[in-house]
Protein chains: 2
Amino acid sequence: MKCYRHKQLATDYYQISMSNVYINEGKDKDIAVFDMFVRNNPFNGGYIVCAGLEQVVQYLMDLKFEEEDIEMLRENHPELTEVFLDYLRDFRFTGELCAIPEGTILFPHEPILRVKAPLLQAQIVETALLSIINHQTLIATKAARIVQAAEGDPVLEFGLRRAHGSEAGLYGARAAVIGGCLGTSNVESETLLSIPSKGTMSHSYILSFDTEYESFMTYTKYNPNNLILLVDTYNTLKSGVPNAIKVFQQLKEEDRLPKMYGIRLDSGDLAYLSKEAKAMLDAHGFEDAVISASSDLDEYLIRDLKLQGSTINLWGVGTKLITAYDQPALGAVYKLAQVESDGKIYNKLKISNDPGKITNPGYKKVVRLYDNETGKALADLIMLVDETVDETKPLTIFHPIHTWKKRELTDFHAKQLMVPVLVDGELVYDLPTVTEIREHLKEELESMWPATTRFTNPHEYHVDLSDKLWNLKNDILNKR
Amino acid sequence: MKCYRHKQLATDYYQISMSNVYINEGKDKDIAVFDMFVRNNPFNGGYIVCAGLEQVVQYLMDLKFEEEDIEMLRENHPELTEVFLDYLRDFRFTGELCAIPEGTILFPHEPILRVKAPLLQAQIVETALLSIINHQTLIATKAARIVQAAEGDPVLEFGLRRAHGSEAGLYGARAAVIGGCLGTSNVESETLLSIPSKGTMSHSYILSFDTEYESFMTYTKYNPNNLILLVDTYNTLKSGVPNAIKVFQQLKEEDRLPKMYGIRLDSGDLAYLSKEAKAMLDAHGFEDAVISASSDLDEYLIRDLKLQGSTINLWGVGTKLITAYDQPALGAVYKLAQVESDGKIYNKLKISNDPGKITNPGYKKVVRLYDNETGKALADLIMLVDETVDETKPLTIFHPIHTWKKRELTDFHAKQLMVPVLVDGELVYDLPTVTEIREHLKEELESMWPATTRFTNPHEYHVDLSDKLWNLKNDILNKR
């Protein structure tokens with residue numbers, strides 16, 4: 001199937017317009033450092049889950065412009081100079097990318113990635129990098145919350161039909177698995193994830209037969225290992241569940257009831273229906289039947305259903321996950337932190353009347369401090385790259401705005417979170433598989449105190465600046 | 001740039017699993033009719049704007065499976081039979097597609113498209129069709145509302161960085177232009193829309209120079225025709241606007257002030273800042289300067305800013321539009337309405353305890369009734385394809401649920417809304433350009449009463465069923 005995309009053009013025109021200026025003004029040789037970070041945790045939650053790095057790497061390594069792209073730009077934008085269009089012709093990303101590995105827990109204002117590259121390169125890639133990270137990080141964070149609510153029950157991602165197109169569905173499925181989903185209904189995801197996609201039947205399948213029972217029995221002929229019967233087409237408790245039980249009994253007699261068998265509820269009151277269905281299944285000896293549900297689920301509804309004693313033990317989550325329904329945009333930004341021009345270094349920050357929008361200048365890294373006794377994360381420090389943390393001495397950290405809020409840490413160890421990914425445009429990082437990333441997130445979540453991960457009014461995790469960075473920032477602010 | 005997508009696999013696995021049953025049970029020869037429709041207007045609004053048909057056509061016409069897809073399915077899903085995998089090898093969509101043209105105003109329960117095809121074909125394409133239509137129709141509807149709030153001011157789409165990946169940004173931009181946006185910042189959209197993308201400069205551009213003034217003046221050297229200066233990097237009223245005025249004065253003296261010139265506000269209180277900026281610009285003789293703004297805008301904020309006397313006359317809308325922030329999923333569904341098997345026709349509907357979820361059976365069309373005097377739309381009728389409306393006689397229509405709510409129409413004419421698009425898998429429809437679709441929407445909106453298009457508590461437009469369809473539906477409901 002033909003690919004209609006010109007992904008290399010997936011950028012905002014101002015990146016092109018500015019680049020046209022840069023190259024003519026000799027600014028393309030300046031080396032810029034950009035940080036990408038999020039200003040607020042999504043969903044009123046306490047953390048974000050990094051995701052999207054693999055697609056960022058693919059994008060940066062493959063980025064080049066075709067002759068037809070250049071021709072189109074020339075025609076549509078007469079202001080673009082030939083020297084710029086020539087530059088595009090030979091464009092390759094030759095810079096440095098450092099990033100927080102996917103599946104890592106991160107917090108507002110911490111760089112999720114850092115690009116150091118000739119100004120023009122760093123600028124042209126901004127929009128695509130933001131759309132990749134904003135999307136996958138958002139969905140991975142939502143998925144982690146939903147999986148947390150499911151308390152160990154498997155969660156499947158079912159949202160492709162409500163995704164913002166099939167690409168959003170595909171990478172959304174990837175992010176959902178990073179966030180902890182066991183799998184997805186998205187068949188295309190098999191090309192990315194090496195996990196078979198999941199699913200059994202829809203209402204239209206059942207309607208296409210004369211009877212519900214016939215539709216179920218016919219299904220068993222072709223699906224010896226996976227038998228989740230959708231029971232709400234006619235009437236869940238009067239028709240669907242009784243017919244499912246008849247089918248399970250028949251298969252049991254014939255000694256071909258699969259290990260994975262059960263029902264799916266897709267409408268009605270899921271707490272009530274699941275309890276009634278479980279009682280009916282148990283009464284016929286089908287205690288181990290899977291009771292799955294899928295109907296506008298999110299972390300709050302799953303939590304409530306569990307509190308009301310629902311017997312659901314497999315959750316299919318669609319719309320609310322794949323669109324991050326209650327907050328469908330993350331709002332990561334990409335800000336200039338440093339420019340190196342003619343061998344001189346200029347640290348940059350964006351000033352704003354809104355103090356929360358003032359950025360951190362300089363060439364920075366993120367360090368996480370762990371308690372040696374509990375293994376739990378204590379706080380993070382954003383520091384300059386050339387700084388180190390002395391683990392042998394007590395460390396006093398302070399709030400970056402309310403600086404009187406101080407805290408002394410002892411008996412801790414420090415871990416640098418960012419890893420080099422591209423150096424001179426070449427990959428220097430072993431990209432983990434999605435299942436490895438999912439495992440990494442599990443460990444990350446275990447390293448956090450529950451106060452950080454609860455849904456409602458979580459405790460704000462401490463993200464402080466090193467003395468040196470704080471002073472650099474305040475010097476610039478005071479000097480302007 | 002390589003395309004990593006396998007769009008032909010962008011479906012839910014249950015479509016594959018059901019199809020595997022259908023073909024082995026000889027059901028693949030059955031002819032199915034599916035309707036796609038929306039159950040509720042998005043954004044608590046009064047209408048939806050159809051969009052996405054062109055991409056549906058592309059998808060259906062290009063759909064085929066590659067050998068590697070088939071190999072992957074065989075490996076990951078041992079239950080799939082060879083007869084089914086063989087079928088996929090030669091798969092082509094050979095069915096009929098009828099649809100409401102893009103840019104048409106539509107209402108809940110009316111089919112936005114109708115597929116009539118061998119059951120298996122109609123099933124396999126469901127998920128992709130839904131994700132295309134759900135996405136573009138959602139964004140086009142949101143855009144129409146935002147454009148309505150702007151009351152004739154141009155609106156630009158700026159949201160790519162917050163879109164759910166670059167494909168969502170691209171087709172989101174297309175839908176935004178259908179909804180009435182003048183253009184978009186998305187460069188890739190030029191490959192679809194034949195409209196040059198828009199944009200000038202970001203904060204990082206300004207920061208990369210020693211002074212704001214220098215950054216502005218340098219910009220003018222390379223942009224003789226488009227000079228929108230971003231004025232909030234340092235201080236909007238103390239630095240940005242005064243520097244912009246200095247630049248405009250300089251250019252005026254040099255007789256090179258372009259026709260399109262002005263400022264962009266991107267933070268702070270836009271009502272206050274725009275009024276102050278306008279006063280400063282006017283005082284220097286720049287009454288025709290564009291005052292554009294872009295900062296978390298949506299239809300409600302634009303309406304409020306206008307009510308407070310803002311002088312903004314060009315609106316850049318990002319996050320809230322490209323993600324349809326306040327309702328990021330449309331919820332269109334695709335439901336079986338008829339099956340033709342061995343020459344016999346079976347009308348189908350989905351029964352649900354929730355009456356709003358009961359579907360309409362049969363092979364249907366949508367007719368809009370217009371008042372001959374005002375030209376305004378009066379009501380829509382969902383009817384069976386073989387029915388006609390006699391415009392020469394009074395017509396009594398009734399509410400499909402509260403049937404005592406009757407209304408007699410006289411002096412009206414009827415227009416059928418659906419058009420044939422694919423017949424036997426071949427295109428029989430002239431796909432309009434996006435700008436033609438945008439024009440069509442303008443006319444559509446003019447044919448609606450303001451009661452239907454207002455944001456808050458709009459009047460519910462009447463969508464009724466023909467007598468014949470109502471009887472068909474109720475017969476099925478009563479017989480079960």
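Backbone N, Cα and C define each Cβ position, glycine as well.
The range from A:56-83, A:84-111, A:140-167, A:224-251 that TrEMBL describes as coiled coil is residues A:56-83.
Residues 6-9, 13, 16-17, 20, 23-24, 89, 91-93, 97, 99, 113, 125, 128-129, 132-133, 421-422, 425, 427, 429, 431 of the same chain, all 6+ positions outside the coiled coil (A:56-83), place their C-beta atoms under 8 angstroms from a C-beta of that stretch. For the domain 'Nicotinate phosphoribosyltransferase C-terminal' (A:364-473), DSSP puts the residue distribution at 24 helix, 39 strand, 47 coil. Confidence annotation: the coiled coil (A:56-83) carries a mean pLDDT of 96 in the model.
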